[in-house]
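Notes to accompany the following structure.
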Amino acid sequence: MGRLVFVSFGGWDVFLSLSGTGADCPSDWSSYEGHCYRVFQQEMTWEAAEKFCTQQHQKSHPVYFRSSEEVDFLVSILKFDLFWMGWRDIWNERRLQWSDGTKVNYKAWSAEPECVVCRATDNQWLSTSCSKTHNVVCKFQA
């Protein structure tokens, strides 16, 4: 939804439409390229972060990235270094195949699912236990 702004300059009254100037995000969310972001400086497990983001907005999930410019935008609004990304179980759920092309039917990964955090200082993605606690940035498409 667009926003209208009323401005009065002396005897001139002007209405400005702000529709089309960016994503229509809730007032406490930041917008970038048609998505809404909200930074939460609250440490929680990955499962709790996923649930928490959905509670903040029904279409929201821990952040994921489509470009380095998006990372730069997010880093500009962060006040902490490590945060959950919307990616989990990277080893147990991958569709793996052996070097000869046959499907991997037997797996012996650790039982602990793996999740991913982003280190904002150098944009490195790190695999870590989903049971650890980190901050979260929630994201949804506007």
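Backbone N, Cα and C atoms are what each Cβ position is placed from, and that goes for glycine too.
The number of other CB atoms found within 10 A of the CB of Cys25 (disulfide bond), across every protein chain shown, is 18. Under the heading disulfide bond, Swiss-Prot lists Cys25-Cys36 (among others).
Taking Cβ-Cβ distances under 8 Å and a sequence gap of 6 or more within the same chain, the neighbours of Cys138 (disulfide bond) are Tyr37, Arg38, Phe40, Phe52, Cys53, Gln56, His57, Ser60, His61, Pro62, Val63. Reduced to three states, the DSSP call for Cys138 (disulfide bond) is strand. Positions annotated as disulfide bond by Swiss-Prot, on the basis of sequence analysis: Cys53-Cys138 (among others).
In this structure, Cys130 (disulfide bond) belongs to neither helix nor strand by DSSP; it is coil. Summarising the annotation, Swiss-Prot assigns disulfide bond to Cys115-Cys130 (among others) and lists sequence analysis as the type of evidence.
When pLDDT is averaged over the domain 'C-type lectin' (32-139), the result is 85. Residues or ranges marked as domain 'C-type lectin' in Swiss-Prot: 32-139.
What Swiss-Prot records for 1-23 is signal peptide, and it gives similarity to another entry as the kind of evidence.
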Nearest-integer angstrom distance between the alpha carbons (Cα) of Cys36 (disulfide bond) and Cys115 (disulfide bond): 22
Nearest-integer angstrom distance between the alpha carbons (Cα) of Cys130 (disulfide bond) and Cys25 (disulfide bond): 29
